[in-house]
Amino acid sequence: MNITTAPGLIGRSTQAITPGYMSGFGNSFETEALPGALPIGRNSPQRAPYGLYAEQLSGSPFTAPRGSNERSWLYRIRPSVQHSGRFEKAEAGLWRSAPCHEHDMPIAQLRWDPPPLPQRAQTFLQGVETMTTAGDVNTQAGMAAHMYLISASMVNQHFYNADGELMFVPQQGGLRLVTEFGVIGVAPGEIAVIPRGVKFRVELIDGPARGYLCENYGGGFTLPERGPIGANCLANARDFLTPVAAYEDSDTPTELYVKWGGALWVTQLPHSPIDVVAWHGNYAPYKYDLRTFSPVGAIGFDHPDPSIFTVLTSPSETAGTANIDFVIFPERWMVAENTFRPPWYHMNIMSEFMGLIYGVYDAKPQGFLPGGASLHNMMLPHGPDREAFDHASNAELKPVKLEGTLAFMFETRYPQRVTVHAATSSTLQADYAECWRGLQKRFDPTKP
């Protein structure tokens, strides 16, 4: 193995790093697709190796505290400024941004069936369908919950989102996310997060794909504090994977789409923007297998708050009040004694958008299907349907393993407003509230 050195600088291997992933969350990573492509001991040398351009991508202000300062240095074949002419407005389809007041639907608990896969060729940019928006994209607060329906890979098209980071939650079909930092493969049961400003394209792996997409306008997702839980369990940092460098040296013209200020814009590039040969820093895309989440729960009695299932959180300026919490309900043992084990009836200051990746959700055994969604907005009551209540109220309280299920929730401090598309969709269940109508009056003052 050859080692290059310079006066006063630490030597570094010139052997190319093996393709794949690097483990860890929020690490200061470094990776090179060609040996020696990373400058040693400095970020912006007079002449970068291989004739590359040094470019910094900042995910936080320069003066952010060290613990929350995010940036990466990219060493690329051409700088990002090299695009052709001005950006022009592009058709955004069904993609909407907050604030979105296009529909004044009466407040209600809502649930949708899974949307059908497209019958025509439809790329990622054509297949995003916004369900709800919350907050304000212009103040960098809030989120949008989308579905994506894809039947064709992006060819000679690339995209980045200046409005927020994107969390992909596949439900059917795998995706290949070709980013300027490297390649991420993501399948149902996994998530992938693409930070604000990172260029990428979406390719299909095994046929048409359907899934959920969270657009986070606020602070980047991070691991929640564990508090008294301690140093282990929930989502462990070692299970997050960031791609190693991979690049394309292609002079084929491509379209570059940018979401900025709630609108979609497009310009032309004379080359592929996936041309980063090496990079280092802590601002990068990543993936996570939700099945590595280590849940904690009640081992005596009662049902704890769903916050114990938080995978990632986007904090707000108010401690303990999230811009977004990403929560999952995975396989787990239920052992609590003398306890109603499903989630209890609830009214919440937070607004909850839920999806089901596979299996059956224990509080809604009927009607909530994989690929479907529900919305329980702030201070609107929700909880188990009659079937779940009757079963859990009379079940033998032996240890039970909840298997073959994976549901999730995007929970935000902001009210979620429903788009016209979501409010008028044929998948909207008109009879959702009927699932609670059968709950009987059980009160008897003579029987404590």
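Yeah, the Cβs are placed from backbone N, Cα and C, and that goes for glycine too.
Within the same chain, residues at least 6 positions away in sequence whose Cβ sits under 8 Å from that of His303 (active site, proton acceptor) are Ala336, Thr339, Phe340, Arg341, Pro342, Pro343, Trp344. If you look up Swiss-Prot, you'll see His303 marked as active site, proton acceptor.
Taking a C-beta cut-off of under 8 angstroms and a sequence separation of 6 or more, His382 (Fe cation binding site) has the following same-chain neighbours: Gln109, Tyr345, His346, Met347, Glu352, His376. Summarising the annotation, Swiss-Prot assigns Fe cation binding site to His346, Glu352, His382.
The homogentisate binding site feature in Swiss-Prot is assigned to Tyr361, His382; the stated evidence is sequence analysis. Other Cβ atoms within 10 Å of the Cβ of Tyr361 (homogentisate binding site) number 24 in total over all chains. Mapped onto three states, the DSSP output places Tyr361 (homogentisate binding site) in strand.
Within 8 Å of the centroid of the Cβ atoms of His346, Glu352, His382, where the record puts Fe cation, the same chain has further Cβ atoms from Pro343, Met347, Asn348, His376, Leu380, Pro381, Gly383. Once Cβ contacts within 10 Å are tallied over all protein chains shown, the binding-site residues His346, Glu352 are led by Glu352. DSSP classifies His382 (Fe cation binding site) as strand under the three-state reduction.
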